[in-house]
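Per TrEMBL, the features are:
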- LYS162: ATP binding site (BINDING)
- ASN265, ASP278: Mg(2+) binding site (BINDING)
- 47-60: compositional bias 'Basic and acidic residues' (COMPBIAS)
- 133-410: domain 'Protein kinase' (DOMAIN)
Amino acid sequence: MGLLSYTKKKSQKVTHYLCCCKLSIAKRNKDDKIPKEERKSKRRKTAKDNEVKKKNDEGNKPFFCLQKQSNKGEKKQRKLLLFGKKKASKLSMEQRRKKFKKFWRRRKKAQKKANLISLIVASKELATATRNFNPENLVGEGGFGRVYKGQLKGSNEFVAVKQLDRKGFQGNREFLVEVLMLSLLHHQNLVKLLGYCTDGDQRILVYDYMPMGSLEDHLFDLGPNGKALDWHTRMKIAAGAAKGLEYLHEIATPPVIYRDFKASNILLDENYNSKLSDFGLAKVGPMGDNSHVSTRVMGTYGYCAPEYALTGKLTKMSDIYSFGVVFMELITGRRAIDITRPKQEQHLINWAEPLFRDKRKFEAMVDPVLEGKYPMKGLYQAIAVAQMCLQEEATIRPLISDVVTALEHLANPKNDDTNAPNL
C-alpha cells in the first residue's frame, strides 16, 4: 500500500513536470514567430504591469509625501506623490508632519511671489490712468506724497493712485512693508491693494478708490456745504475700523500690530464702510511666549500709547489706545492735537480726563454739530468704551473683539434704549 501510494505521488509529479515542459515548449515556439524587439517590449510591459499591480495591492489607505523628481532638460520639480500604506508606514508621524510642513511653507512662498508679480503695474499705464498725474485728478496730499483718482485701461472702475514723495515720511522700507502686508492681508475693512510700481525712482501704490475720502475729511475739514456725520454713522465707522483691527490682531497669522491708527488712515466707501489704509508702519505682532515687540517709536503724536512712547515696547494694546483716541475724536469732533485751541484744550485726552469722572459733564464733550441728536444712553456707553481703551495700564484695556461687540450694538438705532454688552 505504501509503495502504491509513493508510486502514485511520483507519477503525479512527473505528469505535472511534463505538462509544464510542454507548455514552455509551445510558448517558445509561439514566441519564435514574434520578432526579438517585440518580445523584449512585451516582457518589459508585463513586468511593469506586475509592478503597478503589486503597488496597488499594498494597502488601501493612501498617504501624501514629497519626493524630488527630475526630467531630462528640465529643472528639478517638487511633486506630490501618492504612496501606498506599506511605504507610508515606514515614516513616523513626526517625519510626515515635517515633510508636509516643508511642502506647505514652500507652496506659500511660491504663492506669495506669484501674488507680488501679478500686482506690478507699469508707470506708463498709471500716467495714462491719471492723465499724466493731472492736478485736476488730485484728491489728497500729505507728508507721504499725493493721491490721484484714475481709471486703468480696460476697466470701468476708478482707482486711487498713491504717488509717494521720495523725500517724504514714507521711505523704501515703509513702501515694501505696505506692499507685502496688503498683498497677504485681505478683509472687507482693509483697503485692497490693486497694484504697485517701482519703475526707476517711482514708488506708487494703486488701491480701490474710496469716494467718501477719509474720516478726517468728515470730522475736521468740513466745508460750508459739508454734511456732518450723524451719531449712528459715527458708531458704524468706529465699528468697521474696529473690525479691521480685530482681523489684524486675532485672525491674521501671525498677528499684525497696525501702529498708525488715526482718522486720516480710515477711508470710507460710498456707504460709510471703514477701510484701514497705510500699512507702512505695521509690525508683525509678538509670537510664542513674547508679550511685545521692541521697536523704534514711530506713529503720530497724540495717538501713541504712553507705554509705547516711553519704552518702545509695542503690543496689540498700543493699537487699542490709538483706537480710543480716534473714538474720542468721533464723539467730540476735536482733533487729538489742536494747537488752535486754548492751551488746556490742545491735547484731547488730557482735556477729556477730568470730564470722564463726572457723568453730568459727558454732554459737554459731544460734538456741537450733532445739535443734541444722539441717544443719552448710547453716549454714556460710548464714552465708557473710550475710557476703557484709554486706560493708562495697558493690561486692563479691552480686547478688540469685545470693543467690536459693544460698537455693533451702539451702531444699531434699535438698541438706543438698551445697554451695550460689558467690556
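Using N, Cα and C of the backbone, Cβ positions are placed for all residues, glycine too.
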Reduced DSSP assignment, ASN265 (Mg(2+) binding site): helix
Between ASP278 (Mg(2+) binding site) and the residue listed as 'ATP binding site': CA-CA distance (Å): 10
Distant-in-sequence Cβ neighbours of ASN265 (Mg(2+) binding site), under 8 Å, six or more positions away: SER214, LEU276, SER277, ASP278
Average model confidence [pLDDT] within the domain 'Protein kinase' (133-410): 90
Mapped DSSP class for ASP278 (Mg(2+) binding site), helix or strand or coil: coil
